[in-house]
Amino acid sequence: NLVKKHLPKRTSREDPESKFCQYQAFLQVVRELNDFAGQREVVAENLLTRICVELAKYSQELKQERKSHLQEGRRAQQQLENSFKQLENSKRKFERDCREAEKAVLTAEKLDQDINATKADVEKAKQQANLRSHMAEESKNEYASCLQKFNHNQSQFYFLEMPQIFSKLQEMDELRVQRLKEGYSVFSETEQQVVPIIGKCLEGMKAAADLVDEKHDSQMLIDLHKSGFERPGDLEFEDFSQPMNRTSSDSSLGTPRGTLDSRLDPRLLGRNKTKRWPFRGKNKLPPPPLSPSNCPSSSSPSPSSSAINGPPSPKFTRDPLSYCLNEINKTVKPRITSFRSLRRGTVITEDFSHLPPEQRRKKLQQKIEERNRELQKELDQRDALNKMKDVYQKTPQMGDPSSLEPKISETLGNIERLHGEIQKYE
């Protein structure tokens with residue numbers, strides 16, 4: 001997403017910024033970053049398919065296995081608890097039966113020594129004592145059996161069942177750790193596989209950075225925006241002591257004399273008449289000197305005054321310094337179509353006369369090169385059509401020669417038109 005966001009929307013031929021080496025280096029860094037991101041995606045895909053998915057599946061299996069082992073341990077513990085409860089019950093019953101048997105024996109002996117007791121009561125007490133003694137003996141045997149069973153179960157629980165369960169849990173955890181170890185290894189191997197490619201991407205970025213030449217970009221900026229205007233000449237002395245010479249020179253920094261000329265190009269009307277200085281604030285513009293435009297009473301200089309003041313400096317149809325500053329300011333703003341960036345009121349002409357000399361020469365040269373390329377294509381197409389026509393004439397079964405005439409005529413018309421346009425631009 002980052003690469004897609006910063007890739008240029010226009011082709012390199014349309015974008016003048018593509019000529020700067022810093023721009024080309026940035027594009028190279030972005031392309032290398034795209035390859036870098038591709039390798040990270042490879043790593044992410046491998047980690048997802050070979051590690052994350054496998055470990056997630058194995059984690060579910062481990063949960064089920066651990067659950068079964070814990071259930072097995074709980075069953076064994078429950079059995080031991082049940083055996084212990086039976087032991088406790090049999091023990092309490094044995095204790096209770098022993099007390100009752102002892103009590104019955106004492107009662108029988110007491111009645112046997114009592115002279116007032118009947119023989120039937122004594123016999124009944126002895127029978128009851130024998131019965132209680134027998135029940136106590138049975139409880140004793142039952143308690144002994146439960147105790148033996150509990151001891152066996154307890155031995156099984158602590159020496160066989162629980163060690164086996166803990167052994168299974170240990171094996172399960174060791175296998176889990178082993179799978180994690182394999183995942184770590186796959187992770188490192190995947191990273192190692194892309195390290196050389198990522199290293200090449202970084203080397204490409206470093207090479208792109210080394211290609212940046214600030215001197216080249218500065219010269220390129222100059223070539224793109226230089227106007228080709230001549231620098232203004234020295235100001236001539238204006239002698240106001242003689243009424244005949246009380247006129248402004250042609251080299252005045254104010255509005256050029258040509259602004260009042262009847263031959264003035266109407267395309268130049270409406271432009272800013274004030275001289276722009278590069279390193280002054282907007283509110284500190286120098287006052288324009290006296291000129292025909294702000295001295296209505298003055299008239300056009302006579303030939304004699306021109307001769308006295310010397311040859312006039314070159315006339316500027318456009319302020320060169322203002323143009324250069326505007327063009328440089330455009331480089332730090334969002335790029336827009338060059339025609340739209342012209343000042344309001346400027347009439348765009350086919351011969352690019354609205355541009356400064358150097359920029360006009362570049363535009364005209366660009367048009368000539370484009371027309372030459374188109375002309376070469378049309379010439380190649382004409383030769384191909386003529387060859388095909390010759391083949392059709394020699395072997396009529398391959399095609400009708402007359403069917404190529406419209407295309408040949410169209411091609412010849414295009415060639416003639418392109419010749420005219422090339423001559424016009426030249």
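Here the Cβ of each residue, glycine as well, is placed from N, Cα and C on the backbone.
Taken from TrEMBL, the feature coiled coil applies to 59-128, 361-388. What TrEMBL lists as compositional bias 'Polar residues' is 242-254. According to TrEMBL, the feature compositional bias 'Basic residues' maps to 270-283. According to TrEMBL, the compositional bias 'Low complexity' annotation covers 292-310. Residues or ranges marked as domain 'F-BAR' in TrEMBL: 1-217. Annotation source TrEMBL lists domain 'REM-1' at 354-426. According to TrEMBL, the feature region 'Disordered' maps to 233-315, 392-412.
Residues of the same chain lying 6 or more positions beyond the ends of the region 'Disordered' (392-412) and with a Cβ under 8 Å from any Cβ of it are 378, 381-382, 385-386. Confidence for the coiled coil (361-388), expressed as mean pLDDT, is 91. For the domain 'REM-1' (354-426), DSSP puts the residue distribution at 66 helix, 0 strand, 7 coil.
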